[in-house]
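*Asks:* In case it's useful when we look at the structure, here is the feature table from Swiss-Prot:
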BINDING   11, 12, 13, 14, 15, 16, 17, 18, 37, 126  ATP binding site
ACT_SITE  102  active site, nucleophile
DISULFID  102-199  disulfide bond
SITE      127  site 'Interaction with tRNA'
ACT_SITE  199  active site, cysteine persulfide intermediate
SITE      342  site 'Interaction with tRNA'
């Protein structure tokens with residue numbers, strides 16, 4: 001089958017990465033369709049909807065490239081599957097990663113299903129990751145070549161079935177090259193800045209946004225031995241290892257968040273970047289997913305490396321099943337400020353094995369106060 005007989009539906013955001021993705025596939029001769037996903041009603045205070053601006057850029061790029069385009073609305077699915085989860089996690093005192101859930105439930109489920117109904121053979125996105133297809137049909141996901149932009153961390157929940165229908169055309173080139181291609185082709189998005197922050201918050205103030213949905217409950221900020229250091233404005237506004245916004249003055253080392261007590265509405269703080277309370281030896285994680293589950297013996301356990309947050313250096317770990325629903329991940333050396341609600345993502349070299357959601361964090365001598 002030649003490329004012209006293979007239909008690829010590209011998820012287009014109005015940014016440079018997805019624009020170049022569509023261009024590359026068109027140049028390679030595929031039957032390309034561009035689709036813009038509207039996942040959030042983001043009309044700002046002035047009545048301007050940034051999604052409309054982004055869709056206008058998609059239209060212009062698709063016209064430049066010469067491919068058809070459509071828009072699809074997933075606002076309900078996004079609210080039900082991503083935003084509700086986001087709020088529930090904050091209510092539990094955790095720090096969620098909505099991008100992971102958005103990829104799992106929207107971009108590579110709702111959007112993938114929609115594309116297949118349009119007769120797509122594959123979907124493609126502008127993610128910095130790579131797919132390796134083996135002769136027997138199974139696939140592996142590899143880190144993007146641009147180490148600074150690699151996005152496998154956010155794709156860790158994707159299954160073999162999902163990845164078998166996915167292309168990441170820019171995963172094997174550097175971001176600077178993506179910009180160069182866009183400029184060379186005169187694409188309107190060539191100099192558009194990258195989006196930052198959580199997709200549905202955009203440039204809004206995080207505290208202000210969250211307070212619209214969850215009532216803040218101020219409480220005491222204390223040290224682990226009970227010394228009161230001030231007031232916090234609501235546990236949901238703080239994450240483990242956070243330094244800024246505590247409002248603790250005085251001399252000496254800066255102060256950091258080392259834990260939360262939901263029952264008593266207490267925020268624990270301690271002084272010093274390397275305070276012992278910030279370090280842990282192992283974690284328990286649930287909702288685990290592996291691209292190739294049969295390759296990993298969870299009962300015997302296996303060694304690999306892991307990331308506990310985006311753009312973090314890999315840490316050597318040992319992964320083993322804790323029970324029917326959870327994994328125990330033991331670190332080769334203590335790790336600082338691991339945060340419940342975030343993803344732990346596993347690697348063998350460049351291959352992303354999968355990931356899980358961090359639930360509880362421990363020192364060898366017992367559970368930490370991270371979220372209790």
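Every residue, even glycine, has its Cβ placed from backbone N, Cα and C.
These numbers come from a predicted model, not from an experiment.
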*Asks:* So of all those recorded positions, 102, 127, 342, which one's Cα sits nearest to residue 13 (ATP binding site)?
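*Replies:* Among 102, 127, 342, 127.
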*Asks:* Just to be sure I understand the packing, how many Cβ atoms besides its own are within 10 Å of the Cβ of residue 17 (ATP binding site)?
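*Replies:* Step by step: centre on the Cβ of residue 17 (ATP binding site), count other Cβ atoms within 10 Å, giving 24.
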*Asks:* Could you tell me which of these recorded positions, 37, 102, has the greatest number of Cβ atoms within 10 Å of its own Cβ?
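*Replies:* Checking each of 37, 102, the winner is 102.
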*Asks:* Roughly how many Å lie between the Cα atoms of residue 37 (ATP binding site) and the residue listed as 'active site, nucleophile', rounded to a whole value?
*Replies:* 12
*Asks:* Could you measure between residue 102 (active site, nucleophile) and residue 11 (ATP binding site) for me? Cα positions, answer in whole angstrom.
*Replies:* 13
*Asks:* Could you tell me the C-alpha distance between residue 11 (ATP binding site) and residue 342 (site 'Interaction with tRNA') in angstrom, no decimals?
*Replies:* 25
*Asks:* Taking just the CA atoms, what is the gap between residue 15 (ATP binding site) and residue 342 (site 'Interaction with tRNA') in Å?
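*Replies:* Residue 15 (ATP binding site) and residue 342 (site 'Interaction with tRNA') have their Cα atoms 26 Å apart.
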*Asks:* 11, 13, 15, 127: which of these recorded positions has the highest Cβ count within 10 Å of its own Cβ?
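*Replies:* Result for the most crowded candidate: 127.
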*Asks:* DSSP on residue 37 (ATP binding site), three-state: which is it?
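*Replies:* Its secondary structure by DSSP: strand.
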*Asks:* Roughly how many Å separate the Cα of residue 127 (site 'Interaction with tRNA') from that of residue 17 (ATP binding site), to the nearest whole number?
*Replies:* 7
*Asks:* On the Cα atoms of 11, 12, 13, 14, 15, 16, 17, 18, 37, 126, which are listed as binding ATP, what is the maximum pairwise distance in Å?
*Replies:* 16
*Asks:* Measuring Cα to Cα, how many angstrom lie between residue 17 (ATP binding site) and residue 342 (site 'Interaction with tRNA')?
*Replies:* 25
